Amino acid sequence: MNYSPRIQDIPASERPRERLVAVGAKYLSNAELIAILISTGDRHRNLSAVGLAQFILQTCSQGKRDPFDMLRHTTPQELTSIPGVGLAKAAQILAGIELGKRIFQAKPSEKIIVDSPEAAAIALSNDLMWQDQERFAVLCLDVKNTLIATRVVTIGLATETLAHPREIFREVIKHGATRLIIAHNHPSGNVDPSPEDLQLTERLLQSAQILGIPLLDHLILGRDNFGSLRQKTALWDSYPQPE
């Protein structure tokens, strides 16, 4: 695709608006959807709206962060610090994000009970299955195993660099959860735990004991399968979790 400053310079079949009308919004990439919001690119760097949108997502994902998580909590000041994003583009992006939040909040609330590895895998499938990069996520639960929040903590290449107990339990405490399930994916599809997976689980079980917040399981998701470390290992016998 030619990243010139004007959408008009892109072939009609590749323009985001035209593609949305032709094939539907759900088939557009994240960059294409943002490009529709901001309308124009950055002429100083010869970027089309799509090119600038890709740059915004790349900037938000620095440090192995989830770009959507960053956008959900971003401010006008943070957005305008990105080259090519002025107040108008920042306002357009933030308006789109806020509208999405309000639509989501208007949905009838459905309580999701996560009381088995299978239920946890279903809750995590959209975030972790069929991903090209390794992702680490946490399910925040209440005392009755009702799902409070699903958070992708980090995105990276190796389990040992993906997650730190501090980051994981910060999410749990922030959401007022009383128990958690952690999970990450193996892009290869092999759901057998690596030595690093076992070491990380051991550290997190120890942290959970200290904090009094039980870690219920650690799942590894593949392409269309998953494995439960609680079922496969004796770690939970070695580090009994608080009730």
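Any Cβ shown, glycine's included, is placed from N, Cα and C.
Mean model confidence for the domain 'MPN' (112-235) is a pLDDT of 91. The domain 'MPN' annotation in Swiss-Prot covers 112-235, and the record cites sequence analysis as its basis.
If you look up Swiss-Prot, you'll see 184-197 marked as motif 'JAMM motif', on the strength of sequence analysis.
Following the DSSP three-state reduction, the secondary structure of His186 (Zn(2+) binding site) is coil. Same-chain residues at least 6 positions away in sequence with a Cβ under 8 Å from that of His186 (Zn(2+) binding site) are, in sequence order, Glu134, Ile220, Leu221, Gly222. According to Swiss-Prot, the Zn(2+) binding site annotation covers His184, His186, Asp197.
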